[in-house]
Amino acid sequence: MRLNLHATEKKTTVQNVENPNNSTIPPLQQGSSSSAPQASGGTLASEGKNIASMPAIRQHLSADGENGAARQKNKSFSLKNFLGFKKTTKAPAQPTNPGSNVPESSRIRRPTLGDFLAQPEQDGEIQAPHPSAASPRLTRSPGVSRHSVEDMRDKPVAKADPRETSAIDIKHQLNNFNQMRQNILNKTRPFSQGATTSSVMDARAPLPAIPSTTSEITEEVDATQPEQQLPQRHLDARENPSRILKTGRDVTSIHRFRPTLPAIAENTAEAEANRRIQPLQTPPPLENTPVSPLSLTLDKGKLRLADSNPTAMNTLLEQTLGKEGQHYVAHTASAEGNHHMLLDEQGHLFDLKSHEGGYSVFHNSLPSTVKMQLSKNNDEPIKLVNDNGKLILDRGAEGQEVLHLNPPGEIHHAYLSGIWRHSVAGEMNQENQWVRIHDDKIHYLNNEVGVWQTSDKTPYSQLSVQGDGKLYAVRDSRALHNLSDNHVSESFVDKIKSFAVSEHGEVAVLTDTESPHHICLMPSANAVSSERIAFSLHLADTMQMLQRGEPHLETQSIALKDGRLFAADSEGKLYCGELSQIKDGELPMNPMSQNVLKQHFGHDHRIEGFFTDDNGQVNALVKDNFRQMHACPLADDNQFHAGWNLSDALIINNQLGLNNINPAPHEIVNLGHEGSLTLQDGKVHYFDQLTRGWTEAEAGCQQLKKGLDGGAYILKEGEVKRLNINQSTSSISQGRDNFFALPHVRNKPEPGTALHGLDKTDKAQAIAVVGVNNYLALSEKGDIRSFQIKPGAQQLARPARTLSQEGLNGTLKDIHLDKKQNLYAVTREGEIFRQAREHWQQGESGRGWQKLTMPPGESGIDRIETDAHFHPVAVLLDGSRYQLRGETWHPQNASEPTQLETGLRDSQRVFARLNQDMKGGLIPGTGLTIQASAQLAGKTGRENRQIKSKFAERVRAYIFNPTMATPRPLKNIAYNLQHRWQGRRGLSAVYEMQGALIKQLESQNVRNKGAQTDLQSKLDALDFGEQGATLLKNIKQFREELENSATQAAILLGKHQGVLTSNGQINEKFKPPISKAAIQSFNVNRSGRDLSKGLEQAVRAASPSPQSKLQKLLSHFVTSGLNMSHQKGDIPLGRQRDPNDENALTKSRLILDVVTLGELHEFVDKAALISGHNPDPSQIAQLHQQFEALRENQYEANPVKQFTDMGFTHNAALEANYDAVKAFINAFRKEHHGVNLTTRTVLETQGNASLEKKLKDTLLSLNAGESMSFSRAYSGGLSTAFVPTIKKIPVPIVPGAGITLDRAYNLTFGRTDGGLDVSFARDGGVTGTLSVSTGHDLLPYMTGTQTTAENASDWLSKKHKISPDFRIGATLSSNMQRTLQNSLNFKLTEDELPSFLNGMIQGTLTPVDLMKKGIEHQMKQGSKLVFNIDVSAASDLRAGINITADGSKPDTATFRASTGLSASANLVSARSERSTTVGQLGNTVSASDNRPTFFNSANIGANLTLSAGVAHDFIRGASVSQDGTTKPEKKPGTFPAFMSVNVSAALALDNRTTQSISVEMKHADPVSQNDIDELISTLGKHFKDSMSTTLLSSLKNQENPDPAEQLKSLDRHFSYNNVVGDDRYEAVRSLKQLVQRQRAAESNMMELGSAKHTTQYSNLSRLDENGIFDILHHHFNAALPPTSATRISNMMANNPLLKALIQKLQSSPFTSASVSMELKDGLRDQTEKAILDGKVGREELALLFQDRNNLRIRSINVSQSVSKSEGFNMPTLLLGASNSAGLSMGRNIGTINFKYGQDQDTPRRFTLEGEIAKANPDVASALSELKKEGFEMKS
């Protein structure tokens, strides 16, 4: 296979450079590198692109081109000749394609690595492989698959069925493959070269030695057997390509471009002997492609793939080209089978090619033109005919030509894969060379073994075939290298930005300068500087100059063709100029209006670059508004036409020889369920769980460390970043152009935002990480600094602390932390030092370092590391290992190999076990799940007996605990009354502190009568010298923190009292209520004093700043007459707190802040005594100690501060959440508790110790989107009915009523970024029910009797007859339920989880201790109101016995047995819900007002019931009236009371739909330098104009930058740009959002966080189908905006892949779906600005969600939940009670996240998360098989 050269107008004359030795310089040959079949793929996205920049005029002659330059000087240079205006017009002959006529028989098969490894050795002789069939492979060789070392060692080729596969031991394979390779190489004597070659090689630097393992197999090999040496040489070449060197070549003149190889020939005789080796007969040597051509056909329009194809390729093609619904009308293929073209019904033309580098397939950009012709087909057959490179579409049997198409060429495939082919001069003829760039280095494909090899370490870029058919690349950023002719240009001064070569070999170069319009024109790549022509590009249109304010063109990329220069500017616009018009160093450039591209791709398309195709046509690389790249050829009409889609493609590349790593066990960082990482040569690699191989992820890293929180962190360019494991797929284009999107998520680590605090100028050398909020760094100067970050914010909680150096000796090399956070430092001299956690956290004031004794042994320390449990391990130079336990070192065995494959996680096993316990399924075609349930004699959860606890344990847990203790129901009632009166004993510290703060405020107001200088001014006047600079900075930060905290508390109180609006502005309409003081006077817990006046007095006396917003707010409270009372210092009657104050804790927090500000004033006054007197370190240390006591002990440790930081505003919510936490401590601590019992049953453990371990392992294995919940619920109620006597109605009417009190507790663990999300919740509610029932006995009609009594039988007893009946009945009921909700949510890191679980399960921690665990606490409080109307019907066959005596009145007792069927349905349901979530970072308000919905749920069931009860007849006795009339006895009605036990089973389905709106307001962080750096990087990628690049460069290089000022500069420059294109739009939006955030931070206001409208569906068909009421609503009002279902349905219609994904989600049982909608960008930006202007509050914001024209679909989520619940229902005569506990798990089945651009109605792309994002098993197996064969799918 050879490169197809396009026709040129004139053959290019290449001038040969003189050789000093008068020898012919051969072309550049292949290089070498070590490789293995498990080699990992690198990032190849940038290969083969021409990204342009600007020229350099001044040049320096290179040594290589000196003689050539001298010859060029002697020749005259003519611009006319240079531009191609020759006197002759003779057209050259069209070159033929050298590869097109090569017969298949000439393609000799060559062996692969599998062949060599599969051949057994017997008596020193290698046997040919067995001719039995082998499974299809990516190579043509029939060798065995590379499964494991054992499969390849000492075994013949397996004769089993090739389709059978064995389990793959990846770990063993990776650890031993290099050993096997080295063993083979050790016993193989490679070919040798002659003496001349040896002398050349000896002068070169030797290659690094290949590491060998400790265990080697040595075997003597007879070197005289030629049939053995050739395959061993091939094996040597594939496994150690650095040993390859062809014989018979003169290498003296090309050694600069050849791999450096050691001399391998002992003498000339040996070399001659090696040359006489006969070729291997079986298999024959392969000289061409190592990739098997594909065989495919069409069968009735469906793609059929041959079994002979590689199985992996068949799988991938079946999932893409062969997927369901894809039909084809025509197919054509080359004779060799390496090139196929397919045409489908929609006009998509697919081009599939196999070549030496792999496989590639893509399709045309504009199928509509072809589809138009197909629509005229009239069922006539369609044929594709390839006529000398032209593709003809024929119709009918006679072959009527319908359409001529230009097929893509080899260059299109090369551009996609990054693998290029060119021809070089060989010994006998032209040879094909396959070239690529990897890691900025040129690599060549060794055709004998199919391995990529590198020549040298010189960096290369911009590899491409140019207009003259030659392969070029930019060498070392400043020189142009013609690889085909081996010419290197003289280096330019500036970096080459873009270059172009015409069909005649002329070269235009654009270099990267501040003026991107200078071009350098050369007659050839190796022209000397005197032959270069420099000129500038200027705009020919004067009006365009005026509009731009710049006469020159800001060029980004260029192309040359037919004497014309094409250029794309920074805006992606196209220009063209005639080179003949160059005058005075200027070339006028005219805009090329591209109406055709605009029509096809929209007005916002961009020209990103150019390339020349196989036909010599210039192609523009056009990016459309969906970010897809298209190759568009230039036609005769001077227009670029839609060509080929280069983004929607399938690329499989050969990666053999690239990125082969085999890390040692100690080099692997194990992240548990998230996989494994390693750092090799500054590059982070991850073990890909999909391909089961190591893959590169991030380069340029100094260190990779595992934090104590379980996360991975890197040190890169002086910054610390957490590596977040990817959980979503790459972006998938919305629309139909995503044929080759194979959704799959890989566990690739991606660096997050740099952790705050560390400055790049510190040049950190090593890190030790506690978690994302706490880390230490070792600087280049040897200082160790600790950083404490405020959780959830980009601010330091306190300034960085530099650790004391006392006790340290030597130069520090690395630092580590153990599991107790003790710090270890190792020096370059091999000494180890330790400092305890409590000491290093104090910084310089902490104690010194302790030098540890050296481990035993004579060898020195090599390194310190920590094991999986963070125990320090010292590794000596001799490899021995010692673990530190206490103060002594203990020998440790060598590290065990890390388990690289994660396997089945514990959480997956538990989920599968619970899922097995669920009974039910999906009703076909409905989207509804039907679920079964059963109960037996009051015991619930009996539908499945696979997970069940013992009967005795259930009785003890849910009914009766046989002890002498007070029964639990009685204790609960008593505790509830006690807690309501006096609060919780565990919260007494909070109650006491609230009273103490009142007294402190009063005391401070007595001391401070007059005003004094504000605190900020006092601090500005302090001078502690250099020694006290850090202390002064700490004090200033604390002052700012106090003022901001007090201001936020005052705003919160003002909003609640009504004196401020919801957006924090002054409420001009506020009037103090007249009756408020009178009402508060009746509250004995209130002090009656005005808190506003007391606070205003304290702040006025000790103001925090000159323009204090706090002081202004409090003054406004006073002047507005706000009488804000507070509780007494001492609460009477033992109540401890005021339970009726809804802002008690907020008031206490405000008092705390104000009192602390006053004390800080006093502290600063004392500190001022030594200010300006250069205080000594002891004085500074004393001040620091006093300051720490004030900040840490009095403020941070204050319980009011701690609980208000969690979001609590009053005591009732705090007590409710305290109760929830305590309930679960008791639930897990007591083994007889229902929660403990259910959890142990599900997890299959015995006892609390094993429960703690299994629960820890399960929770740590939770993946993103997974959660585990524990529930505890009980209820009690009263219900009754009355049967009135109504004679005129044939059926009875039975009214009923009931009331139920319920309480539920819930504990949930869910996976979140950086840890686990923990939520404690308590819900309490009351439900009232009204019902009316009726029924009738059908048995008399069936038996022919008149009444039920006539069917009675006395066969059992003469006195107590059995009365059978067959009764049908119906009930109409309504109920209203009100529920109060309380919850506490926080985040736990993985290192905190074990102690958390231990304290909860063993009961060693109090509820307050557990509540203080974790970070980012949030308190939620809300209420829910639900109204339902239900209808039910039942039919029962009953038999009752009246067990009272006949005639007994008024009470009768009855025993009844019955069996029957029942059905119920919800007719109407309405729901309203409100909740507020408050935390230190912000608050969220959610509201759900759902209109009445109909037919929401249904239930059918069967039961067998035994019941007994009593009925009381209300009888009015007979009486005689005054007139003597006798009134008979009258029975108004009957009052029944029954209890029952039954066995029942039911099927239920839910069709509910609910909607809610949530608005989050969060505290704004000031913009940081990290934010600016990321913003500059983003803007720089998309704004290439000179003004923007100059601004961005100047900001990036500023010294001591101010982020706020830099943000203003960026805003001024970019806010006025007319943004076109989605990339620029998103970049500018990021800038605007930062500007809004900074504005909110400066004004101490809250910014808008998330604002969304969410619709929840129980019926998944409602995702894309409207309900009946929506249909009717739109029928009568067509102007209504489309519903979310309509929008999703339209997106599915336009995207078959999205349709398939959603339909797959809808097919999952036990699921619920949610659709989130958000404000469109423009409206959101306006809203954010209005919020900061004080014009819009939360109420006005909620109104925007009522109009769906303002919204866009944000995401679609489908989640699945499985559960196990056990309990007991205990009905009595009138009272009923229930008690239950359960464990449930949820997981994210799939989330589809949509991304938008400038078009806010149609998403541009989407990503997938959850289970649906995982590759299906077939694709996963295919990708894994590709990896084993050395191939990878390119993203």
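For all residues, glycine too, the Cβ spot is worked out from N, Cα and C.
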600-604, 750-754, 840-844 - the range that Swiss-Prot marks as motif 'WxxxE 2': 840-844
86-108, 1512-1534 - the range that Swiss-Prot marks as region 'Disordered': 86-108
Motif 'WxxxE 1' range according to Swiss-Prot, out of 694-698, 1234-1238, 1559-1563: 694-698
DSSP residue counts for the motif 'ERMRS 2' (1831-1834), split into helix, strand and coil: 0 helix, 4 strand, 0 coil
Summary of DSSP states over the motif 'WxxxE 1' (694-698), given as helix, strand and coil counts: 0 helix, 5 strand, 0 coil
Positions whose Cβ lies under 8 angstroms from the motif 'WxxxE 2' (840-844), at least six residues beyond its ends: 776, 784, 786, 801-804, 823
Within the motif 'WxxxE 2' (840-844), residues counted as helix, strand or coil by DSSP: 3 helix, 0 strand, 2 coil
PLDDT averaged over every residue in the motif 'WxxxE 2' (840-844): 79
